[in-house]
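Before any comments, here is the structure.
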Amino acid sequence: MSAAQSPVSAQKPSPDSVLSRLGARSLVLVGMPGAGKSSIGRRLAARLDLPFVDADHEIEAAAGMAIPDIFEIHGEAAFRDGERRVIRRLLAERQLVLATGGGAFMSAETRRSIAEAGLSIWLKADHATLMQRVRRRANRPLLAGTDPEGTMRRLQEEREPVFGTSDLVVDSWDGPHEAIVASILTALEHYLDGHAPAVPETK
């Protein structure tokens, strides 16, 4: 399915209207490190009165250690395996707004889990915005080398074509998070106009 780019609308959508058409589906935020998935996800969940979960925090809780330590001690492959299992479990438990790690959507298994339980939303940010944001935090193991800018560009080249298969694409610019949440709600309203939840047939 090709991604639906965030539309521009003069009329603000009602969270209740979005929720009613969303049905039981979850909303899953994907994108690069620094795209704002956690901070924007919390605000989106609050607007929709849904629980918010950060998959990275759940992975750390399950492993009993921080993500950089998981990478260092067990390696990236073990981290990705745990990430897939945690995301599958979270989506099976309840409807929610879920923020995923930057590499989670690269897993075909995870993409299937998301498609079965919810809608994927790519928070798309340009390189400069991503770098400005990731420099504020030190817990980015894949960006911990001597050339973080080069690493970020390489990861963008690898990942963005896959992110582009998301159900929705919303720009995550360096502006107020509430404005980005409003853009997500508008994009959702337009998307859901043509993608209502399936209704079981009655016999």
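Heads up, the Cβ atoms here are built off N, Cα and C, so glycines get one too.
With Asp56, Arg80, Arg159 listed by TrEMBL as binding substrate, the candidate from Gly23, Gly34, Gly36, Gly102 annotated for that site turns out to be Gly102.
Among the binding-site residues Asp56, Arg80, Arg159, not one has its Cα within 10 Å of the Cα of Lys37 (ATP binding site). Neighbour list (Ser39 (ATP binding site), Cβ cut-off 8 Å, at least 6 residues apart, same chain): His177. Here is what falls inside 10 Å of the CA of Gly34 (ATP binding site) among the binding-site residues Asp56, Arg80, Gly102, Arg159: Gly102.
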